[in-house]
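As recorded in TrEMBL, the features of this protein are as follows:
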BINDING   38  pyridoxal 5'-phosphate binding site
BINDING   60, 61, 68, 276  substrate binding site
BINDING   234, 361, 426  tRNA binding site
MOD_RES   247  N6-(pyridoxal phosphate)lysine
REGION    426-449  region 'Disordered'
COMPBIAS  435-449  compositional bias 'Polar residues'
């Protein structure tokens, strides 16, 4: 049926299934005689076993989705994976998606592929409208494709950084719709930035007949992000949305899913990919989804949402204990931010030092964002880089509740963060006490003089 099974399969069943697919490939035929330059020969038995002898990869030289006659098993694997992944995207909330394919590139290069496909449809266009998000790969994806990003600064609403819709529309009018390749929006992001106003952007794109590409990097795991995409496609225009395999399905880095609502456009993107491709990302995500089943994946999504509530409440308590606060970002369903105002006022380097302290204590993924850092990416200078704004009001620390996170991860993180912040407070008190003693000594000396 090409759908993800409701109940996951056991490992031996999955391995039997993969071996059955592998013996359909010509390199595994008993009497095969190969005289070409690409015959699926593998020197190492370890490498062959790691790939279940599915050596030919996917696609043909002109189309990554095409069937390869001498690799019937690998081709079937590719078709099944795309079908199963499409089923899971619908299950996660985008019910009207019509087509998708797994591409053996991470999110940034997959976005580049989308932009290059649009080039043929809009040959005069040279600009991409991009509501700012301080993440290098999505910025570089536009540069690599040969386009000029037009950065739209976010607007501050309370603690949240939100899409400036008026600025987007004003820029479209100023540049001319025919000169704009697309609007490049974002769902999943680090707080205090929140997902773009996708519905409103989709309506603007429909009104001006401009394509709309959504960076949904780790949004499949969030019902809110998926709902935004579904609603955007319903009321306006979304041409494609791109998501990472590793962030959403807990597989190794190296793959992404390009999905959309117009099957012919998604096929155009797949045909833009030059040459064949590695089957590894497809194999990894198929094995994972067969082992989880839809019930297992739904359970992970539910647990992630519960852990977000737990992380939010516990981080709020910790922030209060240290005279800081959990920033109010209700529109961000994955990432949280805690102010570091007191730390920032104590010492300019204290904020970044906290980040290194956490890292050396084996806390990974927490981002510490100081005020006013400047960074140049591909000759574009961003003020306040990492904070998604030129002048965000305070320094802060990020933590996220991503798929697969456990209670233990949250508890250990909070314990270590609490210890680090207490260390800073203790050092600050000692420094203040030392200054007072020094000031007292100086005053005594002056009186004696």
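Including glycine, each Cβ sits where the backbone N, Cα and C put it.
A quick note: this is a predicted structure, and the numbers were derived from the prediction, not measured.
Feature annotations (TrEMBL) mapped to structure.
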| residue | record | CB count, 10 Å |
| --- | --- | --- |
| 38 | pyridoxal 5'-phosphate binding site | 13 |
| 60 | substrate binding site | 16 |
| 61 | substrate binding site | 11 |
| 68 | substrate binding site | 19 |
| 234 | tRNA binding site | 13 |
| 247 | N6-(pyridoxal phosphate)lysine | 22 |
| 276 | substrate binding site | 21 |
| 361 | tRNA binding site | 14 |
| 426 | tRNA binding site | 10 |
How far is it from residue 426 (tRNA binding site) to residue 68 (substrate binding site), counting Cα to Cα, in Å? 66
I need the neighbours of the substrate site defined by 60, 61, 68, 276. Which other residues of that chain put their C-beta within 8 angstroms of the C-beta centroid, in sequence order? 57, 58, 59, 62, 63, 66, 275
Pop the Cα-Cα gap between residue 38 (pyridoxal 5'-phosphate binding site) and residue 276 (substrate binding site) into the table, whole Å please. 11
In whole Å, how far does the CA atom of residue 234 (tRNA binding site) lie from that of residue 68 (substrate binding site)? 36
For a quick check of understanding: given the listed substrate-binding residues 60, 61, 68, 276, what is the maximum Cα-Cα distance in angstrom, as an integer? 10
Round to a whole number and give the Cα-to-Cα distance in Å for the pair residue 68 (substrate binding site) and residue 361 (tRNA binding site). 49
